[in-house]
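Student: After the C-alpha coordinates below, expect a handful of questions from me.
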Amino acid sequence: MGVKQNLKLWENNVTHIDENGDMVTERVPRVLPPNPWKVMRMLSAENYMFFLMGLAAWTADGYDFNAVNLVTTQLSAEYDKPLTSITLSITLTLLFRSVGAAIIGISSDMYGRKWPMIIDLWILAALQIGTAYAPTYAAFIGVRALFGIAMGGIWGLAAAMALENMPVEARGLFSGILQQGYSIGYLIAAVINIVAVPRTSAGYKTIFYVGAGFTGLVAAVEMFIPESRLFRAPENPEERPQQGTRVKSFVKDLKLAARQYWKMFLYCILLSAVFNWMSHGAQDMYSTYMKVQKGFSNSSPPTGASRATIIGQCGAVVGGAVCGYYSQFIGRRLTVVLAVCFGLCMIPLWTLPTAWGPLAAGNFFVQFAVNGAWGVMPVLLNEYAPPQFRGVFPGTVYQIGNMLSAPAAQIQTVSASGWIVDGKPNYSQVMTIVLCIVFAAVGVVTACGQERLGSHFELVKRAGAEENIQKEMKELGLGKDEEAASYEYFEKVAAQGKPATEI
(Lines of atoms letter the chains of each structure in order from A and count residues from 1; the text may use other names and numbers.)
(Lines give C-alpha, C1' and ligand atoms only; values in the text may rest on other atoms or scores of the structure.)
Protein backbone atom coordinates (compact mmCIF):
# COMPACT_ATOMS: atom_id res chain seq x y z
CA MET A 1 0.00 0.00 0.00
CA GLY A 2 1.08 3.59 -0.60
CA VAL A 3 1.58 6.33 1.95
CA LYS A 4 -1.83 7.90 1.23
CA GLN A 5 -3.54 4.61 1.98
CA ASN A 6 -1.41 4.11 5.10
CA LEU A 7 -2.48 7.51 6.40
CA LYS A 8 -6.10 6.33 6.56
CA LEU A 9 -5.59 5.13 10.09
CA TRP A 10 -9.32 4.66 10.63
CA GLU A 11 -9.49 1.84 8.04
CA ASN A 12 -6.92 -0.47 9.70
CA ASN A 13 -5.58 -1.95 6.45
CA VAL A 14 -3.02 -4.57 7.48
CA THR A 15 -0.20 -6.22 5.53
CA HIS A 16 1.08 -9.19 7.53
CA ILE A 17 2.03 -12.86 7.62
CA ASP A 18 -1.21 -14.77 8.18
CA GLU A 19 -1.73 -18.02 10.09
CA ASN A 20 -0.78 -19.98 6.96
CA GLY A 21 2.58 -18.25 6.69
CA ASP A 22 1.59 -16.18 3.65
CA MET A 23 2.07 -12.41 3.29
CA VAL A 24 -1.38 -10.90 2.71
CA THR A 25 -3.04 -7.47 2.74
CA GLU A 26 -6.49 -7.24 4.27
CA ARG A 27 -8.75 -4.93 6.23
CA VAL A 28 -8.83 -6.14 9.81
CA PRO A 29 -11.83 -5.11 11.91
CA ARG A 30 -11.05 -3.53 15.24
CA VAL A 31 -12.34 -5.77 17.99
CA LEU A 32 -12.14 -5.37 21.73
CA PRO A 33 -9.08 -7.14 23.13
CA PRO A 34 -9.61 -9.74 25.83
CA ASN A 35 -9.24 -8.82 29.47
CA PRO A 36 -5.54 -8.19 30.29
CA TRP A 37 -5.58 -11.00 32.83
CA LYS A 38 -6.82 -13.40 30.16
CA VAL A 39 -4.02 -12.25 27.89
CA MET A 40 -1.50 -12.92 30.62
CA ARG A 41 -2.91 -16.42 31.12
CA MET A 42 -2.32 -17.23 27.44
CA LEU A 43 1.39 -17.68 28.12
CA SER A 44 2.89 -20.99 29.22
CA ALA A 45 5.67 -21.27 31.79
CA GLU A 46 8.19 -21.51 28.94
CA ASN A 47 6.73 -18.39 27.29
CA TYR A 48 7.17 -16.50 30.55
CA MET A 49 10.72 -17.78 30.97
CA PHE A 50 11.82 -16.37 27.61
CA PHE A 51 9.92 -13.14 28.17
CA LEU A 52 11.40 -12.58 31.63
CA MET A 53 14.94 -13.22 30.38
CA GLY A 54 14.47 -10.70 27.57
CA LEU A 55 13.01 -8.22 30.05
CA ALA A 56 15.84 -8.77 32.53
CA ALA A 57 18.52 -8.26 29.86
CA TRP A 58 16.92 -5.02 28.63
CA THR A 59 16.46 -3.83 32.22
CA ALA A 60 20.14 -4.38 32.95
CA ASP A 61 20.98 -2.54 29.72
CA GLY A 62 18.77 0.40 30.71
CA TYR A 63 20.36 0.56 34.16
CA ASP A 64 23.88 0.49 32.77
CA PHE A 65 23.26 3.27 30.26
CA ASN A 66 21.45 5.61 32.65
CA ALA A 67 23.98 5.19 35.45
CA VAL A 68 26.12 7.88 33.82
CA ASN A 69 23.14 10.20 33.29
CA LEU A 70 22.41 10.20 37.03
CA VAL A 71 25.93 11.04 38.19
CA THR A 72 27.03 13.56 35.55
CA THR A 73 27.69 16.25 38.15
CA GLN A 74 29.89 13.89 40.23
CA LEU A 75 31.79 12.76 37.14
CA SER A 76 32.29 16.39 36.16
CA ALA A 77 33.91 17.04 39.54
CA GLU A 78 35.95 13.79 39.45
CA TYR A 79 37.59 14.55 36.10
CA ASP A 80 37.49 18.35 36.48
CA LYS A 81 35.59 18.70 33.23
CA PRO A 82 32.47 20.72 32.33
CA LEU A 83 29.13 18.95 32.00
CA THR A 84 29.34 19.22 28.22
CA SER A 85 32.46 17.01 28.29
CA ILE A 86 30.71 14.38 30.43
CA THR A 87 27.64 14.31 28.20
CA LEU A 88 30.03 13.61 25.32
CA SER A 89 30.29 10.09 26.77
CA ILE A 90 26.51 9.70 26.30
CA THR A 91 26.88 10.79 22.68
CA LEU A 92 29.71 8.33 22.03
CA THR A 93 27.80 5.48 23.63
CA LEU A 94 24.88 6.13 21.30
CA LEU A 95 27.15 6.44 18.26
CA PHE A 96 28.75 3.03 18.74
CA ARG A 97 25.61 1.07 19.59
CA SER A 98 24.74 0.35 15.95
CA VAL A 99 28.06 -1.51 15.51
CA GLY A 100 27.19 -3.89 18.32
CA ALA A 101 23.62 -4.30 17.05
CA ALA A 102 24.87 -5.47 13.64
CA ILE A 103 27.54 -7.83 15.00
CA ILE A 104 25.51 -9.40 17.79
CA GLY A 105 22.30 -9.37 15.73
CA ILE A 106 23.82 -11.34 12.84
CA SER A 107 25.36 -13.76 15.33
CA SER A 108 21.96 -14.34 16.93
CA ASP A 109 20.21 -14.95 13.61
CA MET A 110 22.97 -17.37 12.66
CA TYR A 111 23.70 -19.24 15.89
CA GLY A 112 20.72 -18.55 18.18
CA ARG A 113 19.63 -16.06 20.81
CA LYS A 114 21.13 -17.58 23.94
CA TRP A 115 24.92 -17.49 23.76
CA PRO A 116 25.39 -14.21 21.86
CA MET A 117 23.30 -12.52 24.57
CA ILE A 118 25.17 -14.19 27.44
CA ILE A 119 28.57 -13.17 26.07
CA ASP A 120 27.34 -9.63 25.47
CA LEU A 121 26.01 -9.32 29.02
CA TRP A 122 29.31 -10.45 30.56
CA ILE A 123 31.14 -7.85 28.47
CA LEU A 124 28.73 -5.17 29.70
CA ALA A 125 29.34 -6.17 33.32
CA ALA A 126 33.10 -5.89 32.85
CA LEU A 127 32.79 -2.46 31.22
CA GLN A 128 30.69 -1.18 34.13
CA ILE A 129 33.61 -2.01 36.42
CA GLY A 130 35.92 -0.34 33.92
CA THR A 131 33.79 2.82 34.07
CA ALA A 132 34.14 2.96 37.86
CA TYR A 133 37.92 2.52 37.75
CA ALA A 134 38.75 4.70 34.73
CA PRO A 135 41.71 6.75 36.02
CA THR A 136 41.49 9.61 33.52
CA TYR A 137 38.87 11.36 31.46
CA ALA A 138 40.32 9.87 28.27
CA ALA A 139 40.05 6.36 29.73
CA PHE A 140 36.48 7.06 30.83
CA ILE A 141 35.52 8.15 27.32
CA GLY A 142 37.20 5.08 25.80
CA VAL A 143 35.41 2.68 28.14
CA ARG A 144 32.03 4.25 27.42
CA ALA A 145 32.63 3.99 23.66
CA LEU A 146 33.31 0.25 24.06
CA PHE A 147 30.28 0.05 26.32
CA GLY A 148 28.19 1.44 23.47
CA ILE A 149 29.23 -1.42 21.17
CA ALA A 150 28.30 -4.05 23.76
CA MET A 151 25.08 -2.29 24.72
CA GLY A 152 23.93 -2.14 21.10
CA GLY A 153 23.46 -5.90 20.87
CA ILE A 154 20.97 -6.34 23.69
CA TRP A 155 17.70 -4.76 22.55
CA GLY A 156 17.26 -6.70 19.30
CA LEU A 157 18.00 -10.03 20.97
CA ALA A 158 15.78 -9.30 23.98
CA ALA A 159 12.81 -8.35 21.79
CA ALA A 160 13.25 -11.30 19.40
CA MET A 161 13.65 -13.82 22.21
CA ALA A 162 10.63 -12.54 24.12
CA LEU A 163 8.18 -12.07 21.25
CA GLU A 164 8.92 -15.09 19.06
CA ASN A 165 8.09 -17.41 21.94
CA MET A 166 4.60 -16.19 22.80
CA PRO A 167 1.06 -16.16 21.31
CA VAL A 168 0.40 -13.50 18.67
CA GLU A 169 -2.61 -12.16 20.63
CA ALA A 170 -0.38 -11.38 23.64
CA ARG A 171 2.39 -9.53 21.82
CA GLY A 172 0.93 -6.04 22.14
CA LEU A 173 0.68 -6.12 25.94
CA PHE A 174 4.01 -7.84 26.46
CA SER A 175 5.78 -5.61 23.94
CA GLY A 176 4.71 -2.65 26.06
CA ILE A 177 5.93 -4.31 29.24
CA LEU A 178 9.18 -5.45 27.63
CA GLN A 179 10.12 -1.99 26.40
CA GLN A 180 9.73 -0.63 29.90
CA GLY A 181 12.70 -2.70 30.98
CA TYR A 182 14.67 0.40 30.02
CA SER A 183 12.57 2.52 32.38
CA ILE A 184 12.73 -0.10 35.11
CA GLY A 185 16.52 -0.05 34.76
CA TYR A 186 16.46 3.75 35.00
CA LEU A 187 14.22 3.44 38.06
CA ILE A 188 16.56 1.00 39.81
CA ALA A 189 19.56 3.19 39.02
CA ALA A 190 17.76 6.26 40.42
CA VAL A 191 16.95 4.38 43.65
CA ILE A 192 20.59 3.28 44.00
CA ASN A 193 21.63 6.89 43.40
CA ILE A 194 19.37 8.04 46.26
CA VAL A 195 19.91 5.23 48.75
CA ALA A 196 23.40 3.84 48.22
CA VAL A 197 25.56 6.50 46.57
CA PRO A 198 25.38 9.08 49.43
CA ARG A 199 25.88 6.38 52.10
CA THR A 200 28.91 4.49 50.81
CA SER A 201 32.57 5.40 50.81
CA ALA A 202 32.81 4.58 47.11
CA GLY A 203 30.40 7.44 46.31
CA TYR A 204 29.19 7.62 42.72
CA LYS A 205 31.17 4.47 41.82
CA THR A 206 28.61 2.43 43.76
CA ILE A 207 26.08 2.86 40.99
CA PHE A 208 28.49 1.15 38.57
CA TYR A 209 29.34 -1.66 40.99
CA VAL A 210 25.67 -2.49 41.40
CA GLY A 211 25.15 -2.35 37.65
CA ALA A 212 28.01 -4.79 37.03
CA GLY A 213 26.61 -7.21 39.60
CA PHE A 214 23.08 -6.99 38.22
CA THR A 215 24.17 -7.53 34.61
CA GLY A 216 26.43 -10.42 35.57
CA LEU A 217 23.58 -12.04 37.49
CA VAL A 218 21.30 -11.89 34.44
CA ALA A 219 24.04 -13.45 32.29
CA ALA A 220 24.61 -16.22 34.84
CA VAL A 221 20.90 -17.11 35.06
CA GLU A 222 20.53 -17.14 31.28
CA MET A 223 23.25 -19.78 31.04
CA PHE A 224 20.79 -22.26 32.54
CA ILE A 225 17.79 -21.69 30.27
CA PRO A 226 17.23 -23.46 26.92
CA GLU A 227 17.74 -21.94 23.50
CA SER A 228 14.81 -20.20 21.82
CA ARG A 229 12.54 -22.75 20.10
CA LEU A 230 13.37 -21.44 16.64
CA PHE A 231 17.05 -22.36 17.06
CA ARG A 232 16.89 -25.73 18.76
CA ALA A 233 18.84 -28.35 16.84
CA PRO A 234 16.90 -31.20 15.20
CA GLU A 235 16.94 -34.39 17.27
CA ASN A 236 18.16 -36.39 14.27
CA PRO A 237 21.84 -35.51 13.63
CA GLU A 238 21.38 -36.25 9.92
CA GLU A 239 18.93 -33.36 9.69
CA ARG A 240 21.49 -30.86 10.97
CA PRO A 241 23.12 -28.94 8.10
CA GLN A 242 26.89 -28.83 7.76
CA GLN A 243 28.48 -25.61 9.00
CA GLY A 244 29.79 -24.56 5.59
CA THR A 245 26.44 -25.20 3.91
CA ARG A 246 24.60 -23.32 6.64
CA VAL A 247 26.84 -20.26 6.34
CA LYS A 248 26.43 -20.15 2.54
CA SER A 249 22.67 -20.48 2.82
CA PHE A 250 22.59 -17.81 5.51
CA VAL A 251 24.58 -15.34 3.41
CA LYS A 252 22.40 -15.89 0.35
CA ASP A 253 19.28 -15.48 2.44
CA LEU A 254 20.68 -12.26 3.87
CA LYS A 255 21.41 -10.88 0.39
CA LEU A 256 17.91 -11.71 -0.80
CA ALA A 257 16.34 -10.09 2.25
CA ALA A 258 18.50 -6.99 1.71
CA ARG A 259 17.23 -6.63 -1.85
CA GLN A 260 13.62 -6.98 -0.79
CA TYR A 261 13.63 -4.98 2.44
CA TRP A 262 16.02 -2.09 1.82
CA LYS A 263 13.22 0.48 1.61
CA MET A 264 11.69 -0.82 4.82
CA PHE A 265 15.17 -0.70 6.39
CA LEU A 266 15.56 3.00 5.56
CA TYR A 267 12.03 3.79 6.76
CA CYS A 268 12.64 2.01 10.06
CA ILE A 269 15.88 3.95 10.57
CA LEU A 270 13.93 7.21 10.18
CA LEU A 271 11.22 5.91 12.50
CA SER A 272 13.76 4.85 15.12
CA ALA A 273 15.61 8.16 14.83
CA VAL A 274 12.57 10.28 15.68
CA PHE A 275 11.58 7.87 18.46
CA ASN A 276 15.05 8.06 19.99
CA TRP A 277 15.11 11.85 19.75
CA MET A 278 11.84 11.77 21.67
CA SER A 279 13.13 9.59 24.49
CA HIS A 280 16.58 11.17 24.80
CA GLY A 281 15.08 14.64 24.54
CA ALA A 282 12.74 13.87 27.43
CA GLN A 283 15.09 11.89 29.67
CA ASP A 284 18.83 12.41 29.27
CA MET A 285 19.08 15.91 30.71
CA TYR A 286 16.03 15.79 32.98
CA SER A 287 17.99 15.16 36.17
CA THR A 288 20.43 17.96 35.31
CA TYR A 289 17.52 20.28 34.44
CA MET A 290 15.86 19.65 37.82
CA LYS A 291 19.10 20.20 39.71
CA VAL A 292 20.58 23.15 37.82
CA GLN A 293 17.56 25.19 36.70
CA LYS A 294 14.84 24.20 39.17
CA GLY A 295 17.24 24.07 42.12
CA PHE A 296 16.32 20.68 43.55
CA SER A 297 19.93 19.73 44.26
CA ASN A 298 19.93 22.30 47.05
CA SER A 299 16.36 21.79 48.23
CA SER A 300 15.16 19.86 51.21
CA PRO A 301 15.36 16.96 50.78
CA PRO A 302 18.30 17.16 48.34
CA THR A 303 17.03 14.14 46.39
CA GLY A 304 14.18 16.01 44.71
CA ALA A 305 15.57 15.54 41.19
CA SER A 306 16.00 11.79 41.64
CA ARG A 307 12.55 11.40 43.18
CA ALA A 308 10.96 13.24 40.25
CA THR A 309 12.88 10.95 37.91
CA ILE A 310 11.51 7.90 39.73
CA ILE A 311 7.95 9.19 39.44
CA GLY A 312 8.47 9.83 35.74
CA GLN A 313 9.73 6.30 35.18
CA CYS A 314 6.70 4.93 37.01
CA GLY A 315 4.60 6.80 34.45
CA ALA A 316 6.74 5.28 31.71
CA VAL A 317 6.11 1.72 32.92
CA VAL A 318 2.35 2.32 33.13
CA GLY A 319 2.24 4.03 29.72
CA GLY A 320 4.12 1.26 27.98
CA ALA A 321 1.84 -1.47 29.32
CA VAL A 322 -1.38 0.45 28.62
CA CYS A 323 -0.46 1.51 25.09
CA GLY A 324 1.02 -1.86 24.21
CA TYR A 325 -2.18 -3.58 25.31
CA TYR A 326 -4.48 -1.29 23.31
CA SER A 327 -2.26 -1.46 20.22
CA GLN A 328 -3.60 -4.99 19.79
CA PHE A 329 -7.07 -3.42 19.40
CA ILE A 330 -6.66 -0.08 17.62
CA GLY A 331 -3.45 -0.88 15.75
CA ARG A 332 0.20 -0.13 16.39
CA ARG A 333 0.39 3.16 14.47
CA LEU A 334 -2.79 4.77 15.76
CA THR A 335 -1.69 3.97 19.32
CA VAL A 336 1.57 5.85 18.77
CA VAL A 337 -0.19 8.86 17.23
CA LEU A 338 -2.61 9.12 20.17
CA ALA A 339 0.25 8.79 22.67
CA VAL A 340 2.30 11.64 21.20
CA CYS A 341 -0.77 13.89 20.96
CA PHE A 342 -1.30 13.34 24.67
CA GLY A 343 2.38 14.08 25.31
CA LEU A 344 2.18 17.41 23.48
CA CYS A 345 -0.65 18.45 25.79
CA MET A 346 1.44 17.62 28.88
CA ILE A 347 4.57 19.64 28.02
CA PRO A 348 3.49 22.86 29.85
CA LEU A 349 2.99 20.91 33.09
CA TRP A 350 6.44 19.39 32.56
CA THR A 351 8.37 22.68 32.37
CA LEU A 352 6.38 25.72 33.58
CA PRO A 353 5.78 25.07 37.32
CA THR A 354 8.38 25.87 39.95
CA ALA A 355 7.04 23.64 42.74
CA TRP A 356 8.22 20.05 42.94
CA GLY A 357 4.75 18.44 42.98
CA PRO A 358 3.44 19.80 39.66
CA LEU A 359 6.82 19.22 38.00
CA ALA A 360 6.84 15.60 39.14
CA ALA A 361 3.27 15.15 37.89
CA GLY A 362 4.24 16.66 34.53
CA ASN A 363 7.15 14.25 34.28
CA PHE A 364 4.84 11.31 35.05
CA PHE A 365 2.49 12.20 32.19
CA VAL A 366 5.20 13.09 29.66
CA GLN A 367 7.01 9.83 30.34
CA PHE A 368 3.65 8.00 30.12
CA ALA A 369 3.29 9.40 26.59
CA VAL A 370 6.90 8.87 25.51
CA ASN A 371 7.09 5.30 26.71
CA GLY A 372 3.52 4.57 25.73
CA ALA A 373 4.59 5.19 22.14
CA TRP A 374 7.81 3.26 22.74
CA GLY A 375 5.86 0.31 24.12
CA VAL A 376 4.68 -0.48 20.61
CA MET A 377 8.18 -0.45 19.08
CA PRO A 378 9.47 -3.96 19.94
CA VAL A 379 6.54 -5.70 18.27
CA LEU A 380 6.25 -3.08 15.50
CA LEU A 381 9.88 -3.48 14.38
CA ASN A 382 9.64 -7.27 14.64
CA GLU A 383 6.58 -7.12 12.39
CA TYR A 384 8.37 -4.82 9.93
CA ALA A 385 11.54 -6.94 9.80
CA PRO A 386 12.34 -9.82 7.46
CA PRO A 387 11.01 -12.55 9.76
CA GLN A 388 14.14 -14.68 9.53
CA PHE A 389 16.36 -11.71 10.46
CA ARG A 390 14.60 -10.37 13.54
CA GLY A 391 17.84 -10.34 15.54
CA VAL A 392 19.82 -8.03 13.29
CA PHE A 393 17.10 -5.95 11.56
CA PRO A 394 15.17 -4.46 14.54
CA GLY A 395 18.30 -4.05 16.65
CA THR A 396 20.32 -2.39 13.90
CA VAL A 397 17.65 0.08 12.76
CA TYR A 398 16.92 0.89 16.40
CA GLN A 399 20.59 1.59 17.16
CA ILE A 400 21.22 3.53 13.95
CA GLY A 401 18.26 5.64 15.01
CA ASN A 402 19.97 5.98 18.36
CA MET A 403 23.14 7.06 16.60
CA LEU A 404 21.25 9.76 14.71
CA SER A 405 19.83 10.97 18.03
CA ALA A 406 23.23 10.85 19.73
CA PRO A 407 23.74 14.65 19.76
CA ALA A 408 20.45 15.19 21.66
CA ALA A 409 21.98 15.55 25.13
CA GLN A 410 24.93 17.57 23.82
CA ILE A 411 22.71 19.92 21.80
CA GLN A 412 20.37 20.51 24.73
CA THR A 413 23.27 21.15 27.12
CA VAL A 414 25.07 23.56 24.79
CA SER A 415 21.83 25.36 23.82
CA ALA A 416 20.73 25.76 27.44
CA SER A 417 24.22 26.91 28.52
CA GLY A 418 24.11 29.60 25.84
CA TRP A 419 20.59 30.73 26.84
CA ILE A 420 20.99 32.09 30.36
CA VAL A 421 17.88 33.12 32.30
CA ASP A 422 18.21 34.41 35.87
CA GLY A 423 21.81 33.28 35.86
CA LYS A 424 20.94 29.67 34.99
CA PRO A 425 20.97 27.63 31.79
CA ASN A 426 17.48 27.66 30.27
CA TYR A 427 16.89 23.92 30.03
CA SER A 428 13.11 24.23 30.28
CA GLN A 429 12.67 26.22 27.07
CA VAL A 430 15.22 24.18 25.14
CA MET A 431 13.61 20.88 26.18
CA THR A 432 10.13 22.25 25.38
CA ILE A 433 11.16 23.19 21.84
CA VAL A 434 12.86 19.82 21.27
CA LEU A 435 9.90 17.80 22.51
CA CYS A 436 7.32 19.75 20.52
CA ILE A 437 9.27 19.08 17.33
CA VAL A 438 9.95 15.40 17.96
CA PHE A 439 6.43 14.56 19.21
CA ALA A 440 5.05 15.94 15.95
CA ALA A 441 7.72 14.13 13.91
CA VAL A 442 7.00 10.79 15.60
CA GLY A 443 3.29 11.10 14.86
CA VAL A 444 3.78 11.94 11.18
CA VAL A 445 6.48 9.34 10.44
CA THR A 446 4.59 6.57 12.22
CA ALA A 447 1.34 7.35 10.39
CA CYS A 448 3.12 7.07 7.03
CA GLY A 449 4.20 3.47 7.67
CA GLN A 450 2.36 0.20 7.12
CA GLU A 451 0.17 -1.54 9.67
CA ARG A 452 1.36 -5.12 10.28
CA LEU A 453 -0.75 -5.95 13.30
CA GLY A 454 -0.91 -9.66 14.14
CA SER A 455 1.90 -10.88 11.91
CA HIS A 456 2.73 -14.58 12.45
CA PHE A 457 6.47 -14.16 12.01
CA GLU A 458 7.08 -17.12 14.30
CA LEU A 459 5.96 -19.45 11.47
CA VAL A 460 9.01 -18.58 9.37
CA LYS A 461 12.02 -20.79 10.00
CA ARG A 462 15.49 -19.54 10.89
CA ALA A 463 17.60 -17.70 8.32
CA GLY A 464 19.13 -19.97 5.70
CA ALA A 465 17.09 -22.99 6.80
CA GLU A 466 18.36 -25.66 4.42
CA GLU A 467 15.18 -27.74 4.46
CA ASN A 468 13.21 -24.80 3.05
CA ILE A 469 15.76 -24.25 0.29
CA GLN A 470 15.78 -27.95 -0.67
CA LYS A 471 11.98 -28.03 -0.80
CA GLU A 472 11.76 -24.97 -3.04
CA MET A 473 14.53 -26.27 -5.35
CA LYS A 474 12.59 -29.50 -5.78
CA GLU A 475 9.37 -27.64 -6.59
CA LEU A 476 11.22 -25.52 -9.17
CA GLY A 477 12.80 -28.62 -10.76
CA LEU A 478 16.38 -27.57 -10.18
CA GLY A 479 18.74 -30.52 -10.68
CA LYS A 480 22.18 -28.93 -10.75
CA ASP A 481 24.87 -29.30 -8.15
CA GLU A 482 24.02 -27.84 -4.77
CA GLU A 483 25.99 -24.61 -5.09
CA ALA A 484 24.68 -23.72 -8.54
CA ALA A 485 21.16 -24.91 -7.74
CA SER A 486 21.03 -22.87 -4.58
CA TYR A 487 22.23 -19.79 -6.45
CA GLU A 488 19.70 -20.31 -9.23
CA TYR A 489 16.98 -20.81 -6.65
CA PHE A 490 17.62 -17.45 -5.05
CA GLU A 491 17.78 -15.73 -8.42
CA LYS A 492 14.45 -17.24 -9.48
CA VAL A 493 12.78 -16.31 -6.22
CA ALA A 494 14.00 -12.74 -6.55
CA ALA A 495 12.84 -12.56 -10.17
CA GLN A 496 9.39 -13.87 -9.25
CA GLY A 497 9.07 -11.32 -6.46
CA LYS A 498 8.37 -13.98 -3.81
CA PRO A 499 8.70 -12.69 -0.26
CA ALA A 500 11.83 -13.54 1.69
CA THR A 501 9.54 -14.75 4.44
CA GLU A 502 9.25 -18.05 2.60
CA ILE A 503 12.95 -18.76 2.91
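The backbone N, Cα and C atoms fix where each Cβ goes, glycine too.
Heads up, TrEMBL stuff is auto-annotated, nobody curated it.
The following feature annotations were taken from TrEMBL:
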- 48-66: transmembrane segment (TRANSMEM)
- 50-452: domain 'Major facilitator superfamily (MFS) profile' (DOMAIN)
- 86-106: transmembrane segment (TRANSMEM)
- 118-135: transmembrane segment (TRANSMEM)
- 141-163: transmembrane segment (TRANSMEM)
- 184-201: transmembrane segment (TRANSMEM)
- 207-225: transmembrane segment (TRANSMEM)
- 261-279: transmembrane segment (TRANSMEM)
- 308-327: transmembrane segment (TRANSMEM)
- 334-352: transmembrane segment (TRANSMEM)
- 427-448: transmembrane segment (TRANSMEM)
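If you look at the structure here, what lies around each of the features I listed?
Tutor: A Cβ distance under 8 Å defines the sequence-distant neighbours of the transmembrane segment (118-135), meaning residues of its chain 6+ beyond its ends; these are 57, 60-61, 64, 67-68, 100, 104, 142-144, 146-147, 150-151, 153-154, 157, 202, 205, 208-209, 211-213, 215-216, 218-219, 222-223.
Listed as Cβ neighbours of the transmembrane segment (184-201) (distance under 8 Å, sequence separation of 6 or more from its ends, same chain) are residues 58-67, 70-71, 207, 210-211, 214, 283, 303, 306-307, 309-310, 313-314, 316-317.
For the transmembrane segment (308-327), same-chain residues at least 6 beyond its ends with a Cβ under 8 Å from one of its own Cβ atoms are 33, 36, 39, 70, 172-177, 179-180, 183-184, 186-187, 190-191, 194, 283, 286-287, 290, 296, 335-336, 339, 356, 359-361, 363-376, 379, 453.
Same-chain residues lying 6+ beyond the ends of the transmembrane segment (334-352) with a Cβ under 8 Å from its Cβ atoms: 9, 12, 278, 319, 323, 326-327, 358-359, 361-363, 365-366, 368-370, 372-373, 376, 428-429, 431-432, 435-436, 439-440, 442-443, 446-447.
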Student: In this predicted model, what is the average pLDDT of the domain 'Major facilitator superfamily (MFS) profile' (50-452)?
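Tutor: Taking every residue in the domain 'Major facilitator superfamily (MFS) profile' (50-452) and averaging pLDDT yields 87.
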